[in-house]
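Data block below; observations after.
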Amino acid sequence: MTERRAISAPPRSSGPPPPVEHLSPADLFIAVKTTGRYHRQRLQLLLDTWISRNMQQTYVFTDGEDKELRKRMGANLINTNCSAAHNRQALSCKMALEYDTFIKTDKKWFCHVDDDNYLNVGSLLKLLSQYTHTQDVYIGRPSLERPIEATERLGSTETVRFWFATGGAGFCLSRGLALKMKPWASDGTFMATAEHIRLPDDCTVGYIVEALLGASLIRSALFHSHLENLGLVSDIHNQVTLSYSTAENNRNTVNVKGPLSVNEDPTRFRSVHCLLYPDTAWCPSPWRL
């Protein structure tokens, strides 16, 4: 009787589950996708905030040479020589290089973010440590409420349905799963795969993982893109990614109180950074207590 009671006792919900695998920042390969015209406008902000604390594991993939950026990032700035257009081919050209560069390293996790994402590496490590990098793990946030449909152009025209994590919120792939993707992703085959289904880079990742390999996207509400109402995001400390849109008629940012005004910090990323790392030299004194 006592045995049965012990078995049916409710699990203790004191905090997050213990890590399955202990991870350090050195286990991550973080790819940031950008383009020449956003080097000053967007990338500068990331370099001043989260990238500054994660220089070693962050690789910036762009489409043109930039002396100033090269001085700051060294070999971690990767000029893809892809087109600067924002079309399917140009985007999948960059993703193909992100993938190939990761495969050449010995890192356990590949994580992709856009140049309008704030990445909280501490939260990311906490999340990924609940999985094993040798398992099939594809984690992120879908932007659609239903799976996407793609038409495969192989002799007969077949329709496939699958989920994908939106690149605008960031996503991660375990090394185990990334290696299985090789036939459709390595050495430029990623671009051919994207052409085959005529969909953008982030959809193509979902297609390879779900439709071709039979693995499933793990949804996480800790990833955020500018496609959602960011003003509703609470518990900033625990989120993995944040985003923003500062279009005049459609401002969409997280709500962070603090001494930096909206004029000084329109994206709210500096305020988020000071909230997480109050010892940062440029943070106003109320944060540096």
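Glycine residues also receive a Cβ, built from the backbone N, Cα and C atoms like all the rest.
Remember, TrEMBL labels are computer predictions, not curated facts.
Bear in mind that the values here come from a model prediction, so they are computed numbers and not experimental data.
What TrEMBL says about this protein:
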type	residues	note
REGION	1-22	region 'Disordered'
DOMAIN	22-268	domain 'Fringe-like glycosyltransferase'
BINDING	Arg42, Asp115	substrate binding site
ACT_SITE	Asp202	active site
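Recorded features from TrEMBL, shown on the structure.
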| residue | record | DSSP class |
| --- | --- | --- |
| Arg42 | substrate binding site | helix |
| Asp115 | substrate binding site | coil |
| Asp202 | active site | helix |
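Of all the recorded positions listed (Asp115, Asp202), Asp115 has the fewest other CB atoms within 10 A of its CB. Neighbour density for Arg42 (substrate binding site): within 10 A of its CB lie 20 other CB atoms from the protein chains shown. For the domain 'Fringe-like glycosyltransferase' (22-268), the mean pLDDT of the prediction comes to 94.
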